[in-house]
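Only one structure is covered here, and it is reproduced in the block below.
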């Protein structure tokens, strides 16, 4: 009589379920994650007796009328059987026990716990306990030796151990399993078992085979395997006689072997392919009770009765399919399948013409497959047309089959990955009765779909935006998005109704705040999103439909593939879709980023979306500042780096913050300033429950730079993270948003401090070439500070190279200043006679770049607003002298380091208006920095210019008493004791920085013709100094620029024309003039001649500036 598989019964809630028979076999006992033990008279028992033993029951064992259970309160309890009365606690652990077993006569109980310990307890006297320590991870399973000499255990540390119970020592250890940190993450629970009776063999399920280890010698006797097994085995169980061994796998396969003959006699497939986690043989009959991880109970009867029929398995169906596939192996879907072994005894008398019917389980496996398909690999594995392998020693398969090593594969390349289904960011799975439809930075939308209610609750984080709302869900909406303007809902189509998009525009000023749009027939909405003033949805027709938030249909465009998710922020729309088929577990996704404002354009044109290997997308969205971001299933958060050609950069790995392997973080929002990743910790799950209300955690960002444990690596990571997380300021200012200039300048200051620290560290390590590379990233004034640091460190070669770099930066700044003047004159001429209203030029977007920060020398409150120039497109430069701005505002000049082509060249000076505000200086980028006090009060005419401006000055030598040869930074110095003493005194006075500036201006003037401003300054310098005798050189320049700005456009054009007319003469004079850097001796012999040529000796004042003092102290602490 062939074996029979009965339909399964629901026994417990979803989770691990254990099973055993009583001593007589009259009933089946199961326990599950609902905390109940159920006693079944048979599989058809409609009213099994239930005993509640705790919140969760992990394992149960029954013998001699005593029921032992391992429950979630970390105890092992005893109940009477069948009454179910509590009979005390046998033992306790610090964590829950995972497996409990009786020994052969029921006098001892062994329990293995997640606290790595094993205890053997006398049932009669629980005070008699033995503890076995040695595992380094939770214990998975245990098995008593029938002779009560040994105890076997398997653990998450990957080892299987055999203990001698008498002295509690470990006899042998085999590293057989995959390491993991918890039972829930184990690939297999590895329920091992000793052969009943003699205890000759210990059976251990290892991957897809069962290894048999001989007693005492502990060597691997043989391995049992079968082609029917395609996934790891979870549990093994011996028949009471020890003749047969059953094994269950994680994909629901159950296989029974005759151990002596090493042949497979039964094969059965779980009707829903759930993982088999419990097996128990009937003590008298050929029956096997089994349970799965979904809480179901099944029964397999008549084991071994139909084994003879399996010896000759062939049929017309088998022959037809063998002919169809030409004898090739079709198990390519399981490339790592264990090689099938031939039986040493089967197949000798087989005849291809003998047609025998297949046994019950095999016939069902072939015909009654859930997918209505034939398992060709199974048919071929049972066909006698394949030759057996006589060379392998571990022959255990009961059916003749050719080893995979000699089979010709039909296809053994990479396998396609199933496509990820569409999802809404910030939502939990749609099949849940209580779920989050969306959780974002605006609020939370929950959906309740149970017997009492089908409704949607909307809650806003800021109740000033809108009050909480309760909505009916009669249309069964499954998708939602939320913004500060509207609530957007969508539902799938049904047989009667089309797919609908429903919007509640609560910020509308009129009374009608809701609208609904029906999709065309056979077109379902798959993803939705909201932006500022618009809504969008993506459909199964591969279309993206854009609407206004009031309901007007706007643009429609096609997607290259099925949508995965969408997100909106402001004018930006990001769509992720399948751009192809991924292989080997990888998704093949593409991303489009568009701007839907007045100037519609596409930023990302379907570029591949970078994902971690074998991961999928779980969240996309925008930071609060509008930067696109996304998160994959491996916890990697990536952000768009606009400063590097719109590439994606990983900014956080949430897995680094998870305590357990099964823990995850559910992202709900990202902020760039301050740097915060807002997410919800989920223990043992990927998403949180709706109740109790989850708590939001804040994770820090960290770029994956190398060697971040070192000082250098930490500062590099901090610097570049600061750069990446403040790219949004340029984007926002370019698009007309206001940017906090104070915060922006503070960021630049911090970046320059990090660069200076890296520079000092490289100097200490004698990496001068690296120092020069770091200086390229510095502003001009921090380079001056680096020059002083290098000089004091006696690195003269480095100081010379840095000085040359400072000259280049100063030259670029001077060029930018002249270009600004010429552009202003030209545009003033063009706009002469126009009204004060903005012209087309003045409406062009101003692209703010990182503001230059005077970290080393001076600071000022009133300054020019910085703007970025794009040399390639001169006609799109912003108007630096547009009306309505304050002319007296001056910023610290920006370093003219060559920036990426996407940023263009930096414009450090932009005039702000034609009027001077002598009372209240307006705010600028350096407002957050402290001021330094002047020793002498200044007149009212220069009240607005109370700070020393580090502007590029004309060639004005210093007084004799303070003069140092400017060439000293550019030429090697002779080892003269007097000169060194002079150097040290001057360095203490803090004058090297000024020398670099003077030298830079000398070189600039000698190479370039004079501008109109310079000619005006030469003629009017005496008047300015007469009015303000206490001004130093920088203040003279600032005051003169203020006066020059107040001239009419015609007067300034006249001065500019004068400068152009005198170019030839100036060039001739330049050729006659001898540069101080050309000849070191000339500079040393004539230090006084330069001073006589000046109009007035400059008064130098010591700096008393907190920022300068702080950085200088840091820079010179090594000297």
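Cβ coordinates are placed from backbone N, Cα and C, and glycine is handled just like the others.
Per TrEMBL, DNA-binding region is recorded for 1006-1060.
Here TrEMBL flags 854-870 as compositional bias 'Acidic residues'.
Residues or ranges marked as compositional bias 'Polar residues' by TrEMBL: 884-905 (among others).
Sequence annotations record features per position, and here TrEMBL assigns compositional bias 'Polar residues' to 925-948 (among others).
Positions annotated as compositional bias 'Polar residues' by TrEMBL: 963-979 (among others).
The feature compositional bias 'Basic and acidic residues' is assigned by TrEMBL to 980-1008 (among others).
The compositional bias 'Basic and acidic residues' feature in TrEMBL is assigned to 1082-1096 (among others).
Annotation source TrEMBL lists domain 'HMG box' at 1006-1060.
Look at TrEMBL and you will find 328-359 (among others) tagged as region 'Disordered'.
According to TrEMBL, the feature region 'Disordered' maps to 387-413 (among others).
Summarising the annotation, TrEMBL assigns region 'Disordered' to 848-1015 (among others).
Residues or ranges marked as region 'Disordered' in TrEMBL: 1056-1119 (among others).
According to TrEMBL, the feature repeat 'WD' maps to 9-41 (among others). The average pLDDT computed for the repeat 'WD' (9-41) is 90.
Long-range contacts of the repeat 'WD' (132-173) within the same chain, counting only residues at least 6 positions beyond its ends with a Cβ under 8 Å from a Cβ of the stretch, are 95, 98-104, 108, 110-120, 179-183, 185-186, 189-199, 202, 204, 215, 218. According to TrEMBL, the repeat 'WD' annotation covers 132-173 (among others).
Residue counts for the repeat 'WD' (236-267) under DSSP (helix as H, G, I; strand as E, B; rest coil) come to 0 helix, 20 strand, 12 coil. The repeat 'WD' annotation in TrEMBL covers 236-267 (among others).
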| request: By DSSP assignment, list the helix, strand and coil residue numbers for the domain 'HMG box' (1006-1060), in that order. | output: 43 helix, 0 strand, 12 coil
| DSSP helix, strand and coil counts for the repeat 'WD' (9-41)? | 0 helix, 15 strand, 18 coil
| Number of helical, extended and coil residues in the repeat 'WD' (132-173), per DSSP | 0 helix, 24 strand, 18 coil
